Amino acid sequence: MATEDDGELSARYQNTLDALSSLITKRGRLASNNQSHRFRLLFHYLKVLELEDAVSQMKIIHVAGTKGKGSTCTFAESILRCYGLRTGLFTSPHLIDVRERFRLNGIEISQEKFVNYFWCCFHKLKEKTSNEVPMPTYFCFLALLAFKIFTTEQVDVVILEVGLGGRFDATNVIQKPVVCGISSLGYDHMEILGYTLAEIAAEKAGIFKSGVPAFTVAQPDEAMRVLNEKASKLEVNLQVVEPLDSSQRLGLQGEHQYLNAGLAVALCSTFLKEIGIEDKNGLDQTNGLPEKFISGLSNAYLMGRAMIVPDSELPEEIVYYLDGAHSPESMEACAIWFSKQIKQNQERNQKRSEQILLFNCMSVRDPSLLLPRLRSKCIDQGVDFKRAVFVPNVSVYNQVGSSTNVGTRVESMSWQFGLQRIWESLARGEAKSNSKSDSKGKEEEKSFVFSSLPVAVDWLRDNARQSKQVRFQVLVTGSLHLVGDLLRFIKK
């Protein structure tokens, strides 16, 4: 029966996720020779999976960067789909379900296909493991799985987002992409990539391939110098692209998306010329973008970035503004987007509103860099948070399951109390400054730590029910995991 089939598939899928979870290892900054060894193993894995020839023939757009690489890939995939190409998109991380990482023609892969492709790869690799050749780690396996899916499904173009860094990233096993892109660079994953922009840029530039054209956006001088040096050594024609004109409608919100869209346009223009679909004149932007580019840009969609979602129980009283920003620069972009949305809403809506921050970040981040950038940029734009809420993420990091329990899993709250202290310190500093210039000061801010996301959402809903005349506008940021947890919890 259909229900029994669905139940059987659901059970198989959960078993698959459990097996995938077994590949998760703790990540840290490995010695260079260890990273190099793990990277070389990827070529062995491709051979075991009999994917060497198929991968070498794939037409690939490869994108690295600190910020905006996922958005750039999303724009590029949407544009190329408008040209009738069968697309394969591999991105990370996922928010709710691991299948989000694998998209065929813009649609995440089905459970049935995912299960079948997974076990095909898993069993073949498991048969060949030894002390010298262990099973691939979690992300390496996902990249190999992407290659298996996209080659078997015979896509016309693969858009690959680098997972971390570039030089030793699992996606960099490809030898001859059609074109490469580097989105905005900044400080992130420094414990792995290095503590200077020069070191980080060198890792990202590791995706450059001899003679393969590459594009980037305007970068800090230190980073740009390294990118140019790496490109010159490999005879790569590296070009810097400008943001798209802000009159162009984009499917992804935020002013920073015009920069990502500009990079995507350059990548797609080059790709289409290289495979002979469009000639150079057909993509001359001086006469405006081709209609298919305009359509692709305006219809692009990426979950968890600049996303507005009403609460499932109290849609009129609580609205969530979701953005997975987790670097200092992306915090500023998030603040600008959020502030703009608040102002536009105030112009349209007579109901009084209150802005609330719901925040967490991973312990590898530095909240003393993130929270001040977010707060000061919002204040610059005329938006103040009346309350701030700090919670742990729900997701279990050694478990992939899309059915991750969203109950009240209690952990040590020391990290969240630390976030609260940083926030309150910022508030006290502003209060002192305001008291000197304004005798009235401003309404006292409040901050809270809750043991879990469900408890925090219940608290928000209780407050909203008691204050029907006020609309709560909740910015959820600091971690894509937190954004995914909230989406899962409110069942959106």
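Cβ atoms here come from the backbone N, Cα and C positions, even for glycine.
Sequence annotations record features per position, and here Swiss-Prot assigns ATP binding site to Gly68, Lys69, Gly70, Ser71, Arg305, Asp323. Taking Cβ-Cβ distances under 8 Å and a sequence gap of 6 or more within the same chain, the neighbours of Arg305 (ATP binding site) are Gly70, Ser71, Leu252, Gly254, Leu322, Asp323, Gly324.
The annotation Mg(2+) 1 binding site is assigned in Swiss-Prot to Ser92, Glu161. For Glu161 (Mg(2+) 1 binding site), applying a Cβ distance below 8 Å and a minimum sequence separation of six or more within one chain yields Val63, Lys69, Gly70, Cys73, Phe90, Thr91, Ser92, Thr171. Glu161 (Mg(2+) 1 binding site) carries a strand DSSP state (E or B).
Per Swiss-Prot, the feature Mg(2+) 2 binding site maps to His189.
The N-acetylalanine annotation in Swiss-Prot covers Ala2 and is backed by a large-scale study or a structure entry.
The Cβ of Asp323 (ATP binding site) has 25 other Cβ atoms within 10 Å, all protein chains considered.
A simple Cβ count within 10 Å picks out one of the binding-site residues Ser71, Ser92 as the most packed, and that one is Ser71. Asp323 (ATP binding site) falls outside any helix or strand according to DSSP and counts as coil.
Note on the binding-site residues Gly68, Gly70: the fewest other CB atoms within 10 A surround the CB of Gly70.
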